[in-house]
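Have a look at the structure below, then the notes.
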Amino acid sequence: MGGQMQQNNAAAATALYDGALPTNDAGDAVMARWLQSAGLQHLASPVASTGNDQRHLPNLLMQGYGAQTAEEKQRLFQLMRNLNFNGESTSESYTPTAHTSAAMPSSEGFFSPEFRGDFGAGLLDLHAMDDTELLSEHVITEPFEPSPFMPSVNKEFEEDYNLAANRQQRQQTEAEPLGLLPKSDKENNSVAKIKVVVRKRPLNKKETAKKEEDVVTVSDNSLTVHEPRVKVDLTAYVEKHEFCFDAVLDEDVSNDEVYRATIEPIIPIIFQRTKATCFAYGQTGSGKTFTMKPLPIRAVEDLMRLLRQPVYSNQRFKLWLSYFEIYGGKLFDLLSERKKLCMREDGRQQVCIVGLQEYEVSDVQIVKDFIEKGNAERSTGSTGANEESSRSHAILQLVVKKHVEVKDTRRRNNDSNELPGKVVGKISFIDLAGSERGADTTDNDRQTRIEGAEINKSLLALKECIRALDNDQLHIPFRGSKLTEVLRDSFVGNSRTVMISCISPNAGSCEHTLNTLRYADRVKSLSKSGNSKKDQTANSMPPVNKDPLLGPNDVEDVFEPPQEVNVPETRRRVVEKDSNSSTSGIDFRQPTNYREESGIPSFSMDKGRSEPNSSFAGSTSQRNNISSYPQETSDREEKVKKVSPPRGKGLREEKPDRPQNWSKRDVSSSDIPTLTNFRQNASETASRQYETASRQYETDPSLDENLDALLEEEEALIAAHRKEIEDTMEIVREEMKLLAEVDQPGSMIENYVTQLSFVLSRKAAGLVSLQARLARFQHRLKEQEILSRKRVPR
């Protein structure tokens, strides 16, 4: 039946689109047959309202067919959809004239309120695109198909939808000849938010001369590290470590292939408000600078090629370049003779680098000159692992800006911080300083070790930011270091990150290589799992009120943090709540009276020790009270034991069994004293811990006061030393002046001797004062050291 109806619908739709209906009477006949195919022959025929052209039927309002029930609306809607689909295949030869276009209703009146927002269901909005694009592959579809009977949407929203549809259609049509731009949002999303690539460098001359072996083997997107190890009995063996990443590049891969695997997929989406970051990580001497050097130049070539396209040149898109470094937690502009920069946040919490000079670039050769100039200014040094090691993080930023119509003279007069133009996209290339282990820096001086500590700190902060970014966390810890603060806008919003891990293949650098690969693996670990930390936390939580008999009060008791000092109190609280919740006619004070009479110790937080109220005398009446516990109490306490968390498990598992046993049998006099002794021991242990904690709390404030006083005295000593240096410089200037005067002919030697004596006395007094302050501080240091040694055992 359904197949026959569809065939009738198709035949009727074909007849409607034949254009062979000369009169309105013939059109009414075909229309009646079309409606009859869906069992809607009783509805009014709207052909008369459309003139002689039946191609306007898909755009008619449903009210034009007369009054309808909900079921009839649905059938009519399906009928109109079939009409539209059949009309699509034969609409090539139809081109609307100016008269017919003017006669059509506006785009807002095409559909009834039941159809608004349902363009993805097959009803094409002819005013949202050109008639020549009806058969184009760029048909705007909705991600879901809403119900045809949804309530009418807002008119403003409908207009915004049409504007967005027109804009997206124009952009896709214009971007077709570019070839580099993505064709759909699906392809944009195909570019991974974070991509980890590993590059293996070849053995260098020094390693070849030492006849070191290559311990890294590459296979597709995975690699294996063959680590040479030695057992306890000095037997040599090889341990294999396998890693898998997005891409693994061996020593034969050129820089051009590295660019195609890392940066090239990101370049087109830079023009879609994307902020990308590419950085190289690895031990010092693993080839980071060699890898990063050609990447910005290739990226500029592709960016300039796109900027020359009419799509962007007509919008006044321009490319800007800046180059700076982070050395020792400070920022320096590499293109302005290492001018010191400041990092600030504006009112919108956007990071601004005050004083950073940006340069508009329009040629690749200009970019090469800027990069060479910046590399010459970059901080380098010699370490135990590399003779010429990068000791700073160099950041090269390429920013695409959309400029407004401004005179060139005005733009030149503006400061570099206030350049006109809105940021469209940005890509940052970061050549990180080499990571190093503390064991390799023993032969370095103090300054080199401080540099290494700052470098490792910033690298760890960068790793945490990338993991938070890949995990879609709400908070990204970009304040961990200056490096991540500067790159804050690259870690939020629409961002992409590419990490190139450079490794050394020789056996001597095996530990460094493993550390680098583990770092990269941690960065990529959350990408593999695809689970956020929130989901993991939700899955790991135990079921809370799963049993319907377990009330909310019981749940609160279960998840209350266990405290050793409240062991008896917790027992009493559970018993009281269970007895109060029971509906049987039992004396509600019975458990409390039993507890007080039976001698179970009540614990006092103020005194910090247990005091048994009375000696235990097990009488028959007490045993009857014990045996009269309701069975509901034991059942509930058994449920409490099942839901209780693992912490405090020993004490909590011991308690619920006892009431259950008491309810089944009489309690002997030997059982209850054992329970009493156990609780007394527990309370005594808790009291001792409480008193120890109290003593520690009493002594901690004095320790803090001593440390604060010592720090204040240290600052005073340093300030006094600085003042003494300034005074000494002033005295030296006075002495130079005296020497110049005494060299003059006719000078008075008596004046020279008197003034020199006064100057030397001042110098000696200052030195004596500084020495006295230094001696006092040394004495305080020794006292503090002795006190700290005494506190260690406790």
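Including glycine, each Cβ sits where the backbone N, Cα and C put it.
Because the structure is a prediction, the values reported are computed rather than measured.
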Residues flagged as coiled coil in Swiss-Prot, choosing from 287-324, 705-742: 705-742
Within-chain partners of the coiled coil (705-742) [C-beta distance under 8 Å, separation at least 6 from its ends]: 749, 752, 755-756, 759, 762-763, 766-767, 769-770, 773-774, 776-777, 780-781, 784, 787
Cβ neighbour count (within 10 Å, all chains shown) around Gly287 (ATP binding site): 20
Residue, out of the binding-site residues Gln283, Thr289, whose Cβ gathers the largest set of other Cβ atoms within 10 Å: Gln283
Cβ-based isolation winner (fewest other Cβ atoms within 10 Å) among the binding-site residues Gly282, Gly285: Gly285
